[in-house]
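Reading through the C-alpha cells given below for one structure.
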Amino acid sequence: MAVAGAIIGAAVGGWINDKYGRKKSILLADILFFCGAIVMCAAPAPWMIILGRILVGLGVGMASMTSPLYISEASPARIRGALVSTNGLLITGGQFLAYLINLAFTKAPGTWRWMLGVAGVPAVVQFILMLSLPESPRWLYRKDKVKEARVILEKIYPPNEVEDEMKALQLSIEMEKAEEGSIGDNFLSKLKSAWGNVVVRRGLYAGIAVQVAQQFVGINTVMYYSPTIVQLAGFASNKTALALSLITSGLNAVGSIVSMFFVDRFGRRRLMIISMFGIIVCLVALSIMFHEASIHSPSVSSLESQHFGRNSTCSSFLQAPDASSWNCMSCLKASPHCAFCANGDNKYHPGACLASTDAIRGSCRQERRTWYTQGCPSKFGFFAVLLLGLYIISYSPGMGTVPWIVNSEIYPLRYRGLGGGIAAVSNWASNLIVSETFLTLTEALGSAGTFLLFAGFSFLGLVAIFFLVPETKGLQFEEVEKMLEKGFKPSICCCKKPEEEDTK
C-alpha cells in the first residue's frame, strides 16, 4: 500500500512541483509522512495501519522525485551528480539505520508502534530545516522572480559564473515562453505538449528507461526479502538471515558513497552501463548457484521421516509415488505445509520431510536438528550470500543512484516537474510489480529461474540504456536540452571529448 501511495504521490508531485515550487512540495511531503507515521503508531486496527501506509506512500512518492530535482537545480553543474548522489546515500543509509533502530525496539513494549511511529521524527526535522532553505533558483526565474533567482545563484556560483548562468536561464525561458501561449497551463494540455516536444519526448525515453531498469534488475526484492533469500540459500536461522540482510543494506549505503566520488568523474551513462554488466553477471551466477543448491540438497529418508511418527510425516511425501527420489527441495516445493528436518549427525545427510506445525518443529529442534521451511542445507550457501553482496556492490554506485540524477537534469525547465513525475511513477509502478510477484515467481520458477528472469530483464535494460540515454556529465541544463534537440547517437567508446568537438 505504501508503494501504491508512492505511485500517486509521484504523479501528483510532478504537477505540484511545476505549479507551486520544489520547496513547498518537499514541505507537503514531510507533512504527509509525519501524519502517516502517527496514524500507524496509534492504529487500533489493521485498516488504520493501511491508511497510514498510504499517507506515508504519498509523501515518499512526492519526495522521491522532488528531492533530486531540488538538489540538482540548486547545484553547480561540475558537482551536481555528486550532490544528487548524496540523496541516494541518505536513503540507503537511512535503510541501514532503520534495521538497527527496529532491532533496538524489538524488546520494547509496543514494539511495532515504536518502529512505525519513530519514522515521523526525520519528517519533522526536515520540515523545520527546509523552512530555512531557498526555493529553486530555476523555478523562481521561470515564475519571473528574477531578482530572487539571482540572489540564490550568487550563493551557489563564483561571481564570474553568475552572469553566464543568468543568460543561459534567460535564453531557455524565452524559448519556452515563445511556445507557451498556444499550449495553456492545465495538466492535460501540458502533458500533450510535452509528448509533442521532441526534447521532452527523448528525455522521457531516457528517464523512463533508467527508472524501469532500476527496478527490473530485482533490487527491491533483494532489499525487501533479503532475509528470505538468505534462508533460500540454506541459512535456516531467522537471526542469521536478519544479520546477513543487515550486511546487504550496509553494502548498499557504501555503494552510494562510491557513486558520489565517481559519477562526476566517469559520467552517468558509463557508470550505469558498467553497473548493469556487473548486475547481469551476478544474477546469472546466483541463478547457477541456487540451481546447484537445489540439485545437491540432501535426500529425504523414509526412515528419518518415520522416526518422528507416521502422523508427523508430510502427507504429500507419504502419497507420492516417487517418494524414494525426493530431496529436501522436493519436500519444500510439494506443499507449504511441508518442512525439512535435517539429519542430526550431519545436516548434509538424508533428513526427514515432516508436516510444518509448531509441535513437530519443536520435536525436531529438541533433537538438536535444524528446521528448514524456505531453503535447504547447502554447501553453496556461503557463495550465494557472497554473490548477493557483489550484486549490491554492482548495483548501488550505478543503477542505485544514477537514474535519479539523470531524471533531475534531462528535462527542459518548464517540463522538469512533469517529466520527473512521470518517470518516478514508472519507477514506483515497476517497484510494485516486481515486489508483488517475487514470492509467486520463486514458487513457480524456483529461486534459480527467478534470478535468471531478472538477468534477462537486466539485459533488456542494458540495451535500452545504451541506445536511449545520453551523457549529461558536467553539462548545464540548457546544454542538455540542445543535445537532445540534435538527437543522441550511441557509441561503444567516446573517442572525442566535448572540448575537442566544440573546437571542431
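Backbone N, Cα and C define each Cβ position, glycine as well.
Per-residue pLDDT, averaged along the domain 'Major facilitator superfamily (MFS) profile' (1-473), amounts to 86 for this model. For 1-473, the entry in TrEMBL reads domain 'Major facilitator superfamily (MFS) profile'.
Look at TrEMBL and you will find 26-45 (among others) tagged as transmembrane segment.
Remote same-chain residues near the transmembrane segment (51-71) are listed as 1-14, 16-17, 22-23, 25-26, 28-33, 35-41, 43, 83-84, 86-87, 116, 119, 123, 136, 404-405, 407-408, 416-417, 420-421, 423-424, 427-428 (criterion: CB distance under 8 Å, separation of at least six residues from the stretch ends). The transmembrane segment annotation in TrEMBL covers 51-71 (among others).
The feature transmembrane segment is assigned by TrEMBL to 83-105 (among others).
The transmembrane segment annotation in TrEMBL covers 111-133 (among others).
Sequence annotations record features per position, and here TrEMBL assigns transmembrane segment to 204-226 (among others). Residues of the same chain lying 6 or more positions beyond the ends of the transmembrane segment (204-226) and with a Cβ under 8 Å from any Cβ of it are 95, 194-195, 241, 244-245, 248-249, 252, 272, 276, 279, 283, 388, 391-392, 395, 399-400, 402-403, 406-407, 410-411, 419-420, 422-424, 426-427, 430-431, 433-435, 438-439, 451, 454, 457-458, 460-462, 464-465, 468-470.
What TrEMBL lists as transmembrane segment is 241-263 (among others).
If you look up TrEMBL, you'll see 270-290 (among others) marked as transmembrane segment.
Here TrEMBL flags 380-406 (among others) as transmembrane segment.
Sequence annotations record features per position, and here TrEMBL assigns transmembrane segment to 418-439 (among others). Packing against the transmembrane segment (418-439) from elsewhere in the chain are residues 3-4, 6-7, 10-15, 17-18, 61, 64-66, 68-69, 190-191, 194, 200, 203-204, 207-208, 210-212, 214-216, 218, 220-221, 224-225, 228, 403, 407-408, 410-411, 450: each is 6 or more residues past its ends and has a CB under 8 Å from a CB in it.
Per TrEMBL, the feature transmembrane segment maps to 451-469 (among others). Remote same-chain residues near the transmembrane segment (451-469) are listed as 205-206, 209-210, 212-213, 216-218, 221, 268-269, 272-273, 276-277, 279-280, 283-284, 286-287, 290, 406, 441, 445, 488, 490 (criterion: CB distance under 8 Å, separation of at least six residues from the stretch ends).
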Same-chain residues at least 6 beyond the ends of the transmembrane segment (111-133) whose Cβ lies under 8 Å from its Cβ atoms: 23, 26-27, 30-31, 33-34, 37-38, 40-42, 49, 52, 56, 59, 94, 101-102, 105
Ranked first among 26-45, 270-290, 380-406 for CB pairs under 8 angstroms with the transmembrane segment (83-105): 380-406
